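Asker: Here's the feature list from Swiss-Prot:
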| type | residues | note |
| --- | --- | --- |
| BINDING | 31-34, 106-107, Asn111, 148-157, Arg188 | CTP binding site |
| BINDING | Asp46, Asp48 | Mg(2+) binding site |
Amino acid sequence: MLCPVSHLADLRQQVPFDLALLPPQACLVGGAVRDALLGRRREYLDWDFVVPSGAIETASAIASRYRAGFVVLDKARHIARVVFAHGTVDFAQQEGMSLEQDLARRDFTVNAIAYNFQQNKLIDPMAGVGDLQRGQLKMVAAVNLADDPLRLLRAYRQAAQLQFTLDPDTRTVLRELAPRIKTVAAERVQAEFNYLLGSPRGSQWLLAAWQDGILAHWFSHANLSSLNAIGCIDLAIAAIKNQLTLVERQQFFQALGKKGIAIAKLASLVCADVKIAEGELQRLKYSRHELRSVQAILQGYPQLSCLENSPTVRQLYFFFVELGKYLPHFVLYALAHCPHNYHSFIFELLTHYLNSGDRLAHPQPLITGKDLIDKLHIKPSPLIGQLLTEINIAHIEGKISNEQEALAYAQELGKS
């Protein structure tokens with residue numbers, strides 16, 4: 001709900017320095033003002049001030065006064081940052097001859113609102129407050145989006161973040177400018193994708209971005225089916241919460257990790273061919289962990305059709321070994337992509353995984369390779385690994401249960 005403009009005075013309580021240190025014309029701009037008007041309070045400050053001149057000097061003086069961190073971000077453009085324990089405050093020299101000209105260069109009207117603390121005055125030349133009231137994201141000007149094409153993708157991210165709609169004229173421009181997204185640095189694009197992939201509200205906006213051609217360059221193999229599957233992953237999360245006990249839910253989400261949901265969705269966006277998918281992810285500068293996670297999901301998925309009907313212990317053993325710690329990510333992906341008749345089997349796999357004592361998902365070796373070398377005098381070779389695998393499978397099947405039986409079993413296998 002939109003707060004009365006008078007409530008902006010509450011921002012004073014959050015200011016981490018004496019307002020008297022600000023030049024009279026200094027204004028807070030951007031997301032901090034927008035969020036205050038929406039009644040959204042941030043635990044960690046991320047503020048931006050615009051000043052007519054002396055931005056670096058102002059930041060330096062405040063940092064010195066409070067023994068805070070100080071970084072010159074862009075000397076040529078006169079931008080500096082003060083780092084406090086609970087947030088950062090950036091100071092930038094205004095672009096243009098006036099504050100209004102500076103605001104006219106911003107991306108969306110809701111981000112082109114300024115607040116002057118000393119005058120307790122809101123400056124809104126782009127009518128951004130009205131768009132906040134309408135819950136609408138509207139461009140300031142098409143040229144502003146063209147000048148920094150990352151803003152094209154940011155439109156969908158901010159619509160998801162704020163739970164806003166996109167102004168129809170703005171969306172038309174986004175479609176027209178979509179090919180320009182390929183000129184943006186991969187790291188910047190990845191950061192925007194990560195928010196959309198990691199948020200339940202991001203799924204519908206990823207679909208919208210795909211429909212508008214924004215994803216075409218980076219995820220050329222994405223189609224309507226894969227975008228719908230991303231939405232189904234959100235439903236899969238709800239199903240998992242309903243199916244598992246409280247303890248199992250905690251185990252699952254701990255194993256999944258903070259990025260697990262985003263990784264399962266990412267696997268839906270890339271090509272199903274593992275090699276092509278690797279290229280797509282490397283181009284976007286994804287980490288080795290994210291790359292390996294997606295590889296495991298895509299390699300494991302085709303095996304489900306072979307496993308669903310009476311799989312052998314051997315088949316399941318190798319399946320769990322290959323997926324390893326990525327099984328929770330796989331489960332999310334599989335629940336979203338598989339026909340419903342596979343779901344009970346997928347939950348069986350998850351039940352095995354969540355039981356730390358389950359021999360199938362978490363084999364407990366009876367002996368080591370060193371035991372085979374020392375006690376059976378087997379020379380180091382690939383045979384060691386093969387024997388250990390067969391011993392693990394025999395243990396799961398109940399054929400052997402202790403070290404002596406394992407050694408005897410290995411000795412017998414070595415003869416054959």
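Including glycine, each Cβ sits where the backbone N, Cα and C put it.
A quick note: this is a predicted structure, and the numbers were derived from the prediction, not measured.
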Asker: Do you know which of the binding-site residues Asp46, Asp48 has the most other C-beta atoms within 10 angstroms of its C-beta?
Answerer: Asp48
Asker: Cα distance, Gly31 (CTP binding site) to Asp46 (Mg(2+) binding site), nearest Å?
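Answerer: Taking the Cα atoms only, Asp46 (Mg(2+) binding site) lies 8 Å from Gly31 (CTP binding site).
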Asker: Calculate the distance in Å between the alpha carbons (Cα) of Leu150 (CTP binding site) and Asp48 (Mg(2+) binding site), and round it to a whole number.
Answerer: 19
Asker: Check the DSSP secondary structure of Leu153 (CTP binding site), expressed as helix, strand or coil.
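Answerer: Note: Leu153 (CTP binding site) is helical by DSSP.
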Asker: Round to the nearest Å and give the CA-to-CA distance linking Asp48 (Mg(2+) binding site) with Tyr156 (CTP binding site).
Answerer: 22
Asker: In the structure shown, with every protein chain counted, which of the binding-site residues Arg34, Asn111, Leu150, Tyr156 has the densest set of Cβ atoms within 10 angstroms of its Cβ?
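Answerer: The largest 10 Å Cβ neighbour count belongs to Tyr156.
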Asker: Cβ atoms within 10 Å, counted per site: which of Gly31, Leu153 has the most, among these binding-site residues?
Answerer: Leu153
Asker: When DSSP is mapped onto helix/strand/coil, what comes out for Asp46 (Mg(2+) binding site)?
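Answerer: Once the DSSP labels are grouped into three classes, Asp46 (Mg(2+) binding site) ends up as strand.
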